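Enquirer: Got these off TrEMBL a minute ago, pasting:
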BINDING   HIS63, HIS65, HIS107, GLU109  Fe cation binding site
DOMAIN    32-123  domain 'Pirin N-terminal'
DOMAIN    177-286  domain 'Pirin C-terminal'
Amino acid sequence: MSSSSSQNFVSRSAIKKVFAKLQKEGDGAVVRRGISRSEQKLLDPFLMLDEFSVSPPAGFPDHPHRGFETVTYVLEGGITHQDFKGHKGTIYAGDVQWMTAGRGIIHSEMPEEEINKGLQLWINLSSNEKMIEPNYQELSSSDIPKAEQNGVQVKVIAGESMGIQSPVYTRTPTMFLDFTLDPGAQFHQNVPESWNAFAYVLESGEGGAVFGSSNASPVSAHNVVVFGQGNDGVSVWNKSSSKKLRFVLIAGEPLGEPVVQYGPFVMNTQAEIDMTIEDYHYGKNGFEMAKYWRSQ
């Protein structure tokens, strides 16, 4: 829905703002963690959002996952991925890797260039999909549908905006949109009523990023804005006089299931976590290659 048809649009209000603080992660990498345990209940099915910045020799060496999906969106530089299923590749600025860890994956994510930045989102899987075979969807920047109107550009990584749709298949129904608004532009994005939604501000001029209602307080870069449920969707204004506003809008259908997380493993019960740790330790039930595989 464009700004021109906004008169009947009822926006969700921003109910919480979280500044993503810097923390160390992996081997010498730095991340800004935008969603952590305290936001998980509000933002089901999303488990984590990190804005990462990594330069060689730092990175994310061999580590396991089970029970959810990771979406890696490179903003600058490149990230090379390898896993114990023999999958290997590099994604560069504007590219996306949508990885379904399912029953088990061990992989490494290492920087390709001097400066490498991006976002990684963790999306939970429902209990009946947690133990599926691992799977990948990779989209190069040129594969991601883009649209533009009235000073607003969008890249549709998942879901739909401005009448265009992403080719990505989302097991847990998800919307992932990368918006850039020129100074003075506004936009109203439909979001299904029952879905949870949040925005993460990547770049903004002074006083620029305004969400929910046009007189709301502006939000600075590196903040997560959590929206209340219901209503038609999300409204945004760029009130900066000189700088573009760039943010991602992410929304998804809540699973409504218990979440038990132990680091890189996310299941529904403590018993399933105990079993996962045992599977990983003994190299079984999806982790058979764990004993032998090391990334190059």
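Glycine is no exception: its Cβ is also placed from the backbone N, Cα and C atoms.
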Enquirer: Please determine which of the binding-site residues listed here (HIS63, HIS65, HIS107) has the lowest count of neighbouring CB atoms within 10 Å.
Expert: HIS63
Enquirer: Can you list the residues of the same chain, besides HIS63, HIS65, HIS107, GLU109, whose Cβ falls within 8 Å of the Fe cation site's Cβ centroid?
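Expert: Counting only non-site residues, the set is PHE60, ASP62, PRO64, THR70, HIS81, ASP83, ILE105, ILE106, SER108, PRO264.
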Enquirer: When you measure from the Cβ of GLU109 (Fe cation binding site), which residues in the chain that are at least 6 apart have a Cβ under 8 Å away?
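Expert: GLY26, GLY59, PHE60, THR72, ILE79, THR80, HIS81 - these are the non-local Cβ neighbours of GLU109 (Fe cation binding site), listed in sequence order.
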